[in-house]
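I have a structure I would like to understand better, so I am pasting it below and will then ask my questions one at a time.
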Amino acid sequence: MIHQRTLKAPVTASGVGLHSGDRIRLTLRPAPPDTGIVFRRTDLPEAADILCSPELVNDTRLSSTLVTPDGVRVGTIEHLMSALAGLGIDNLYVEMTAQETPIMDGSAAPFIYLLQTAGIVEQPAKKRFIRVLEPVGVAEGDKWVRLEPYDGFQVSLEISFDHPAFRLAPQKVDIDFARTSYIDEIARARTFGFMYEVETMARMGLGRGGSLDNAIVIDDEFVLNRDGLRFPDEFVRHKILDAIGDLYIIGHPLIAAFSGYKSGHAMNNQLLRQLLARPSAWEYVTFSHSEDVPSSFHRIPHLA
């Protein structure tokens, strides 16, 4: 059968919070089968477990943030969640000493490294997938996102920025993960922001830890990072990285085609809520034999 996965051993890293600017210690620990992804704020007097779920995403200002009914926050989780999706990890305890995960270099690659360093093991329980059975969509003005039935996992995403740096690169990417490696083609794409946004973010109490070391920074004309871009279309690739992380908040891999135009964290979360609200639009599935699994999931890296 296709098994659930967790880590072989705990692993710890430290970094800066993108929005808080706090120094954060992050520890990833193995979890039993059917646990899901559980966050723990170890800086609080009572470190309650927060199970990752779409219903708890209650702040989407520039990131995806879980907020419990009693106000405990766990923010900027999308890059870590994207890495977990890319490695097929189902069960994990995520301990953190602040209200957001560290930004690392602005991509998912450092999290991939951490997880692979810890090692990944299969567990004696079937991995559960969510298969989309009917189209589900969310639209707002000219922005939209959609999930459609598809025997695998594919992403088609387009962004639209009227800016010289963006006009030099493709702003649309179509990826079928049956033929594309998440680690090679998506994980290294970094978050990005504009210089003119810094003042606005500061008024919102956000972006205090941002720098050229953990984001692509763009002025009125150019990318300011000395080494430039990692991919010609790194901007839209990072949006795909974000979307994969946002979608994995549902707790299971999606067997579906995801597409979007000018979408972001808020719309991605609305899409998951719309899906879950329509029981006829989805089903849980498991697989007893690897040959029955859609080929998109054959590219998930072998166990470390």
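Any Cβ shown, glycine's included, is placed from N, Cα and C.
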For the Zn(2+) site that Swiss-Prot describes with His238, Asp242, which of these is also annotated: His79, His163, His298?
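Checking His79, His163, His298 against Swiss-Prot: the Zn(2+) site match is His79.
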Please give me the CB contact count at 10 A for His238 (Zn(2+) binding site), counting all chains in the structure.
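I count 26 other Cβ atoms within 10 Å of it.
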